[in-house]
Number of protein chains: 4
Amino acid sequence: MKAIVVKPPNPGVEIKDVKDDENKLSNIGLVKVKILENGICGTDREIVSGKRTSVKPPIGKDELILGHEAIGIVEVGGYGFKEGELVMPINKRGCGKCLNCLIGRPDFCETGEGLVAGTKGLDGFMREYLYDDPKYLVKIPPAIKDIAILAQPLADIEKSVESILTSQKRIPIWTCDDGTLNCRKALVVGTGPTGILFSLVLRTYGFQVWIANRRELLDNEKEILDEPRILFYNSAKGYESLVKDVDKFDLIIDTTGASASIIQELVPLLQINGVLGLFGFPRYDNFSLDYKIVQDFVINNRIIIGLDNGQKPHFQQALIHLASWKSLWPKTASKMITKIISINDEREVISSLREKLPGEIKVKIVWE
Amino acid sequence: MKAIVVKPPNPGVEIKDVKDDENKLSNIGLVKVKILENGICGTDREIVSGKRTSVKPPIGKDELILGHEAIGIVEVGGYGFKEGELVMPINKRGCGKCLNCLIGRPDFCETGEGLVAGTKGLDGFMREYLYDDPKYLVKIPPAIKDIAILAQPLADIEKSVESILTSQKRIPIWTCDDGTLNCRKALVVGTGPTGILFSLVLRTYGFQVWIANRRELLDNEKEILDEPRILFYNSAKGYESLVKDVDKFDLIIDTTGASASIIQELVPLLQINGVLGLFGFPRYDNFSLDYKIVQDFVINNRIIIGLDNGQKPHFQQALIHLASWKSLWPKTASKMITKIISINDEREVISSLREKLPGEIKVKIVWE
Amino acid sequence: MKAIVVKPPNPGVEIKDVKDDENKLSNIGLVKVKILENGICGTDREIVSGKRTSVKPPIGKDELILGHEAIGIVEVGGYGFKEGELVMPINKRGCGKCLNCLIGRPDFCETGEGLVAGTKGLDGFMREYLYDDPKYLVKIPPAIKDIAILAQPLADIEKSVESILTSQKRIPIWTCDDGTLNCRKALVVGTGPTGILFSLVLRTYGFQVWIANRRELLDNEKEILDEPRILFYNSAKGYESLVKDVDKFDLIIDTTGASASIIQELVPLLQINGVLGLFGFPRYDNFSLDYKIVQDFVINNRIIIGLDNGQKPHFQQALIHLASWKSLWPKTASKMITKIISINDEREVISSLREKLPGEIKVKIVWE
Amino acid sequence: MKAIVVKPPNPGVEIKDVKDDENKLSNIGLVKVKILENGICGTDREIVSGKRTSVKPPIGKDELILGHEAIGIVEVGGYGFKEGELVMPINKRGCGKCLNCLIGRPDFCETGEGLVAGTKGLDGFMREYLYDDPKYLVKIPPAIKDIAILAQPLADIEKSVESILTSQKRIPIWTCDDGTLNCRKALVVGTGPTGILFSLVLRTYGFQVWIANRRELLDNEKEILDEPRILFYNSAKGYESLVKDVDKFDLIIDTTGASASIIQELVPLLQINGVLGLFGFPRYDNFSLDYKIVQDFVINNRIIIGLDNGQKPHFQQALIHLASWKSLWPKTASKMITKIISINDEREVISSLREKLPGEIKVKIVWE
Ligand SMILES: [Zn+2]
Ligand SMILES: [Zn+2]
Ligand SMILES: [Zn+2]
Ligand SMILES: [Zn+2]
Ligand SMILES: [Zn+2]
Ligand SMILES: [Zn+2]
Ligand SMILES: [Zn+2]
Ligand SMILES: [Zn+2]
């Protein structure tokens, strides 16, 4: 079958024929899924560019099928899945050893030995079809098929917000005097797909949300943030004037994935009992905090929390949120998929895997 | 202004002119809302029929404005509300004394002294306009205005499910081996609006859901339950054959509001660690459980939980769910409002307040 | 080795020699424990009397070694246990299948297939020594060896209170205006060992506690309840005068293990948001509740919860509480062990297994 | 009456006569408490040395009564307190505005306007007697009066551990395969009173505990750590050899209160899903973390949490733990109070407020 393949640690990517899994004994208990579409994300491009050092092919191989965002259609069902149903495979798989993996939550795996499709020891989803364990398949409601590919990156954010809200339970009352979170102020740093998705989820939970970048918004970004009333702040000159206008923030999320030094800018913006969520993967530099800032952090019950990938319950929650946004913020929803490429348009596929276009939110490859 | 008025404990209802609240000193700090529509529910009809003994007019009055489901438009805003925004007033108000009311959660009021608009000590929402405390106003997204009136009854159910899921946290793991609730089986007893809304919420949380009644479903009920794959069971001959097919239930919700004896039918259907949620208000009879059933209840960590009204966070959650259903299950969403009556069609309004039509899910009165 | 043996379903008990487990292959990975003492509880007597229908010998056997309360000393250690350390084996064992058992919490087993030492499919602890899985051994602090045998029955109560407090988290605020539980009123029904242990735990959590029985307290019971300021109520004439004096109760625990009809007496005594915990195993009769009581239950967010056995974390919590009581309430602690019998005093051992003496709290058999 | 008084921001301290509160109108509703003893802590010495810049006398005064650790006896009771009962006043008081303060939890005050007795805007407890709000008085069990003064510093630690365990609930399973925390490894950095109390609490919760300092332990410190099996590590040469022996840590607590740079030493020692709790107040320097360490932090779901003072529920929990330690670890308990000084020995009192002696755990001043 056809697949999109990389040979880490070498840069490069190609569309080629790979040996298929048809008729394997090991397919017993699995569901056969024909892939309909794949999403491309920054991680894919990092692998293609040869910059992601942690990427690993399956044991005994030197090639890896790329892709961790996919929607497919069940071709041979069973185990609760029927032919013709739409499904999304989950990328992170359990280690088979630790308690969290045993109960279906490899997102908190304690051994670090779990495989991740498309990036770590397991072939990804950019291929004609796959046989997969029903435990790692999420049903996709046909009514939101157009934007459902976002459920994969969104699942990570659902899990992150869940982690944050659970951690905040250490505070007897973090809700407002009407029982909601409407008085809580959140700052999301970064206006990439992750920053935008975080903002949308936090709005859905009732937070007031500011989103920041060091450049002005592009037109399509503006349109996306308009209906949900997410406020933009240009942080090119720092955050001083934002804090002057708005006050400090109860929740700050870093999604920048650039210099680690952003952390030292953000910690002082935290409100009493506030949380700094680190989602973006810093790529260089360091951050440094003074003892006085640490004193302030300690005395005010603050936390800094590392936020990582989501699992099946978060994929399902992501789908509910996507469905709600389609009704609530139809313009926003319609602007999230910025490009659709046919797998047959090989040049365009390869080019999209190499470079992000300005204003891109999500690019889809469709198999036809 | 015009209003729909009752004189408890007398049966009867009339549309009449009442003194308005215009220019009152006590309106300072309040938002002026012009009512656009009201929903009618069984409680209203119980009051109109003179059967609800607990109904009370405001202190010092013998008349009560009816209605606890409403959508309005802000006419004079402030306090975070702008002219032209859609809002829904919340019926249950705090007692001003207990801690739960102080933090915005009168749904867990400990004094029982809180007022409830349209039923207990406070005029309701079936009137041309009202001045209300912004703390008790929920913003309604215009995109789902057509079905948003359901947010009031749905809020009660959102709160109920939240209460149930929190109580189940006593069990270290109640999620399935994929981290979701997809293996959990829920039985909702009663196919009225409440039973249907419960079923929809539980499907949204990932439960497998059966809904039961002692009669066959009407066509419109069938259509509503189709897209979300809620399974119907005719319980006219008891639950034996259901349990034989499906096994016992992890969660059972009684929404019947008829004989209390239903409880003795349902307790034996509970799975290990299972919950029986009592939402419906039984109207007559009693229930009786044998010591052996109690032993079984004790040894299997089961609970029976009383489920009551929701508050602002649940209204907001209800709106997100309604928005998601509009995308996910468009036919279902389109069948939920079964009738719309103009306030000017006085005969029809009064008749709707007197009698429920077969197949009714929600009737709306629109003010124009 | 010597052991105390029953032949269910026949009544009777004998001390006799049984085949030992020495040198078995299946002992690999296990810790060898020499038993020092056993506690006797009502369950043992029920088995001995032939009245407990659910008792089962190990598969393929017709005899069962009795006993589920024991303290031993490690003779051959390993796996974190050293020779000479005191340990208590846990009676309830995992089914090896369900998620709760996999994570060490068979107290919420979903299959019901777990074995229970001394009562269900597994030989108990009334024997000279046993080889046991370190996962099911709890270390006993030597400083409280005199009362540590109480950790087994107490573990069940620790788990029960944990379940109750978790369920109460559905209420935003159940703590008082000083952040404690000091304003909450608890009623424990039954003054047997279970009722007394419940009262002590609830006092430790800060509750005001009343304990009730239909007879006056014996002198030793009075002395036990004195230091912790647990108040006694004689319920021979019902609970009316108690409620008149004290008001309704936030928490009621039934430990009577007699007629199921007690439940219909207790439900109406519940406060708003209150909990009725069922711990005692009713032995006969039924209970019946009127629709009005059910309405009241529903509208006031109440729950009824089945409370069952504890697991290793609760044994450890029990030991901390026992240690604290020894300091806080030394007289109480010194009165909890009401009799100590040598295993060599065969007549006394058999007699104690047959009949409970008036005022008995805990009888210990010592192996010497 | 006699009191120990400071004049911030000046260094120095004196024992002098101050105007008493007798017969004040504002005493209505308060309980009169005669002080029996005070504890001295590092904060007191920081104030006396003039180094604590945040210290403030009550509004309109230039003097402040020192002391935030005290045990007294009720002289004029009421409101649930009886003459002769022992009590401990709580130092942190609510702001009267925010929700957390309204529900009795000023430890999470959101305005920062709450007063703190002995340090911030409110006279402390080193005086002959005080009139105090019953809401801020904790009953002290006479049986542990000898060590009960430790309940004040211990309350902060109880609250810290509660905050940590709640934050860890974001992980589906953080307990071990026997349901306990016995497999979890904690490192406490600092062997002062705070470090020792943290170690004891964590042992009580079942953690394996290592305690570290850059010097060898003194003999009395060794004796304190012996019974609870807390392991000592000399970190003078860094933590490399500790991690080699023990592996990384699930929980690390910094109690050093010295250079902020300790944080950059500790973050890399965290296990997957691990927590770094910052309790100590760093006094100088800063810390710096590289982007790679941040990546590791993010991908492994770690958190850093600021830990501050406890409130009434934590004082009560502290008393239960102290009582349990007195039974479990009698030698440890007996070594915690390292010196007792009479208030009449003025020279010794002043000297103790100026300087900490080597090996000091807790010094008490007794009023007689
Ligand atoms: Zn990705
Ligand atoms: Zn794992
Ligand atoms: Zn209604
Ligand atoms: Zn209230
Ligand atoms: Zn027992
Ligand atoms: Zn099991
Ligand atoms: Zn201090
Ligand atoms: Zn406050």
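Note: Cβ is positioned from N, Cα and C throughout, glycine not excepted.
The Zn(2+) 2 site recorded in Swiss-Prot comprises A:Cys95, A:Cys98, A:Cys101 together with one of A:Cys41, A:Cys109, namely A:Cys109. In the record from Swiss-Prot, residues A:Thr43, A:Gln152, A:Asp156, A:Asn309 bind substrate; the candidate from A:Asn91, A:Asn100, A:Asn273, A:Asn344 listed for the same site is A:Asn91. In sequence order, A:His68, A:Glu69, A:Pro153, A:Pro193 make up the list of same-chain residues 6 or more apart from A:Cys41 (Zn(2+) 1 binding site) whose Cβ falls under 8 Å from its Cβ. Long-range Cβ neighbours of A:Asn213 (NADP(+) binding site) (same chain, at least 6 residues apart, Cβ-Cβ under 8 Å): A:Val189, A:Gly190, A:Thr191, A:Gly195, A:Phe232, A:Asn234, A:Ser235. Taking a Cβ cut-off of under 6 Å from any atom of ligand 1, the binding-site residues A:Cys41, A:Thr43, A:Cys101 reduce to A:Cys41, A:Thr43. Minimal Cβ crowding within 10 Å, among the binding-site residues A:Glu69, A:Asp156, is found at A:Asp156.
Taking 8 Å as the upper bound (exclusive) on CB-CB distance to chain D, the binding-site residues A:Cys41, A:Glu69, A:Asn91, A:Cys95, A:Cys101, A:Asn309 give none. Looking at A:Cys98 (Zn(2+) 2 binding site) and A:Thr43 (substrate binding site), their Cα atoms lie 26 Å from each other.
Taking all protein chains in view, 20 other C-beta atoms sit within 10 angstroms of the C-beta of A:Thr43 (substrate binding site). Note on A:Cys101 (Zn(2+) 2 binding site): other Cβ atoms within 10 Å of its Cβ, all shown chains, come to 23.
You'll find the Cα of A:Leu307 (NADP(+) binding site) roughly 18 Å from the Cα of A:Cys101 (Zn(2+) 2 binding site). In the three-state DSSP scheme, A:Asn213 (NADP(+) binding site) is classed as strand. Neighbour counts of Cβ atoms within 10 Å were compared across the binding-site residues A:His68, A:Arg215; the minimum falls on A:Arg215. Local packing around the binding-site residues A:Cys95, A:Cys98, A:Leu307 was summarised as the count of other Cβ atoms within 10 Å of each Cβ; on this measure the leading residue is A:Leu307.
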